[in-house]
Each structure stands twice: as structure tokens, then as C-alpha cells.
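Q: Let me give you the structure first, and then I'll get to my questions.
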Amino acid sequence: MKTLLLTLVVVTIVCLDLGYTMTCYNQQSSQAKTTTTCSGGVSSCYRKTWSDIRGTIIERGCGCPSVKKGIERICCGTDKCNN
């Protein structure tokens with residue numbers, strides 16, 4: 001009986017942990033705030049900032065992409081942390 005109970009507890013913990021999905025902001029520059037649920041396995045959000053002839057551009061989303069020189073990138077690991 002104790003073995004069965006322990007097995008059920010372990011299975012529950014594993015299933016709850018695997019079911020977590022990250023939520024990140026995904027609006028661009030000065031648009032209204034919107035969020036997206038990241039695909040499975042993605043555990044970070046990013047915000048990229050750069051300037052061009054239009055002014056300061058901000059891009060947000062899921063993951064932590066590589067960037068070119070001159071682009072500031074911030075990656076973080078909690079829900080909606082990329083505001």
C-alpha cells in the first residue's frame with residue numbers, strides 16, 4: 001500500500017512539472033501588450049532593443065535568440081519577465 005501511494009505521488013509530481021509552459025510578452029515596440037504561450041521546452045523570454053531611422057525598436061518573444069552586434073538582448077526565466 002505504501003509503495004502504491006509513493007508511486008502515485010511521484011507520478012503526480014512528474015506530470016505536473018512536465019505540463020508547465022512559459023508565458024511571455026510578444027508585442028513589438030509601442031503596441032498594446034499581448035502575451036503568448038511558448039511551445040514545449042522553451043524556458044525563457046527575451047527582449048531585443050535596437051535603434052534605426054524609425055527610432056528605438058523593441059522586439060519581445062519566447063526563447064533566447066542570438067543577436068547581431070549593436071542589438072541589446074535581455075533573456076529571463078519567469079513568466080512575463082520581458083516587459
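Just so it is clear, glycine is given a Cβ too, placed from its N, Cα and C backbone atoms.
Taken from Swiss-Prot, the feature disulfide bond covers CYS24-CYS45, CYS38-CYS62, CYS64-CYS75, CYS76-CYS81, and the record attributes it to similarity to another entry. Residues or ranges marked as signal peptide by Swiss-Prot on the basis of sequence analysis: 1-21.
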Q: Cα within 10 Å of CYS24 (disulfide bond): which of the disulfide-bonded residues CYS62, CYS64, CYS81 qualify?
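A: So far as Cα distances go, the disulfide-bonded residues lying within 10 Å of CYS24 (disulfide bond) are CYS62, CYS81.
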Q: Among the disulfide-bonded residues CYS38, CYS45, CYS76, CYS81, which ones place their C-alpha within 10 angstroms of the C-alpha of CYS64 (disulfide bond)?
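A: Neighbours among disulfide-bonded residues, in sequence order: CYS45, CYS76.
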Q: Look at the disulfide-bonded residues CYS38, CYS64 and tell me which residue has the greatest number of other C-beta atoms within 10 angstroms of its C-beta.
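A: Sorting the candidates by Cβ neighbours within 10 Å, the top entry is CYS38.
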Q: What whole-number Å value do you get for the CA-CA distance of CYS81 (disulfide bond) and CYS45 (disulfide bond)?
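A: Taking the Cα atoms only, CYS81 (disulfide bond) lies 7 Å from CYS45 (disulfide bond).
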Q: Need the DSSP three-state call for CYS24 (disulfide bond) to compare against my parser.
A: strand
